[in-house]
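I have placed the structure first, in the form of C-alpha cells, so that the comments after it can refer back to it.
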Amino acid sequence: MKRKNNIILFVLIFTLCLNLNVSAADESSNTLPEIYGTSAITVDMQTNEIIYEKNPDTKIYPASTTKLLTAILLEKNKKETDMLTYTAEAKAQPQSSLNSAARPIEVGDTISAKNVMDALLMFSANDMACVIAENISKSIPEFADKMNEEVQSLNLKNTHFITPNGLHNPDHYSTSYDMSIIAREAFKNSWIRDTIYKSTSTVTTSKGASFAIINTNKLLGKDGCIGGKTGYTDPAGRCLVAIYERDNRKILGIVMNSIYDTNDTYVFNDMEKIINWSYSKTPYILHAKDSIIDKKDVKFKFLPFTNFEKTVRVPIKTEDNVSYYDNDINKKELQQKITITTVNIKSLKGEIPIGILTVKQRDFSKSYKIYSGLSKKSFLKQMFSIYSIILIPVFILILIFLFMKNKSRRYKKHKKYSYH
C-alpha cells in the first residue's frame, strides 16, 4: 500500500513539473525581448507580416542605413562596369571614408560602380555615397530630390532624406517601419544582395590605389545572418539592418538608436534577441478551421432568368486557420473583409466557395476561401422556405383551376339534362 502511494505521489509530482515547464515555455515565448534600441521591427520577408515591433513609427535618425536607398539609386542608374569619378565633395567627407581611413584618393580618380557599391555597403564609406550622388546628379541636393522621389514611390509617410550617406541633419529622418520597406526593396536587387553577402572585398582605383575592406556587420554568417547594413552617428545611436534565413524562411530585422560603446556589442545583441524571438513566435489563431467567423445576408436568385430573389442568412466559415502575429500594430490595424462572389445551390450547400475573406495589415494581405456553414437541415429549411413561395401559390392556382374545370363540367352536364 505504501509503495502504491509512493508511485502515485511520484506521478503527481512529475506531472506538475511537466506542466510548470510547459507554462514557463509558453510564458517565455510570449514575453517580448528586452533590447536597448529605442525602435525596432522584424518582418517576414515572404508575407510582409510584422512579427515584432517596438515604437516602429517613432521618428529616428537612420545614420548609414540610409546608404541602402543610395544603393538602390546606384543600381537603377549605373551598371557594375561603369566608372565613377571621385569628387571634391567626396574627399571632404569625414571619417568612415576610404580617403581618410586608408590612403588618400585623388579628385578625378575613377572607380568602378561595383567597387563603389562594395565600399558603400560593406565598409560604409561616406565618401563613396557622395561619389554616387554626384555621378548620378549634378549636386548633393539634386540627388536628395531623387532619394525623396524614391521615398514617395515606396509610399513612405514618415521619411525624408537630405544626405546620401546619412550624416546627421535634423531634416534627415525615418522610422523603423519605413526603413524595413527600404531594406526589403534593396534586398530584391541581386547586385545589392551579392554585395551585402560578402565578408571581404578589394577596392581599386584607376590610378592604382587599392583598399582591402571588411564588412562592418559582425553578425554576417552567424546563425543564418546573410546580410545587412550598419549605421552610427551620435544623434542616431547605433543602428542595424539585418536579414536572416533559417529553414528557407527569411526574416528582416531593424534596430535603431541602440547603445554604441568601445566593444560595440549592444545593437548586435539586440538584433539576435528579436530575430531569435521572431523565429520562435507562433501566430495567433484569429479564426480556427471550420469555425463560423460571421453570418451574412445574401440574396439568392432562386428562379433562373428571373428577378425573383430571396435573402438567405448564411453562416460563413473557412477551411483553413486564419492567423496573425500578436502585436500592437495588428491589434489596432488588422482589417478583415468578406466578399461574397458566388451564390447558388452548390455554394449554399458548401460544395464550392461562396466568396473570399481578405485579411490586411499594412503591407501584408492574404485571402482565404470562405464557405457556407449551413447545416443540411438548415439548408433544406431555407430551400423549402424559398420554393414554398412559388409552390404554394402554384398549388392554389392548380386547385382553383381544377375546381373551376370541375364546376364547368358539372354546369355543362346539368345544362344538357335540363333540355330533356
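Quick reminder: no glycine exception, Cβ is built from N, Cα and C everywhere.
Keep in mind that what you see is a predicted model, and the values were worked out from it rather than measured.
Features of the protein shown, as given by TrEMBL:
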type	residues	note
DOMAIN	30-258	domain 'Peptidase S11 D-alanyl-D-alanine carboxypeptidase A N-terminal'
ACT_SITE	Ser64	active site, acyl-ester intermediate
ACT_SITE	Lys67	active site, proton acceptor
ACT_SITE	Ser124	active site
BINDING	Lys229	substrate binding site
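On the 0 to 100 pLDDT scale, the domain 'Peptidase S11 D-alanyl-D-alanine carboxypeptidase A N-terminal' (30-258) averages 97 in the predicted structure. When Cβ atoms from all protein chains are considered, those within 10 Å of Ser124 (active site) total 25, not counting its own.
DSSP assigns Ser124 (active site) to coil in the three-state reduction, outside any helix or strand. According to DSSP, Lys229 (substrate binding site) sits within a strand segment. Ser64 (active site, acyl-ester intermediate) falls within a helix when secondary structure is assigned with DSSP.
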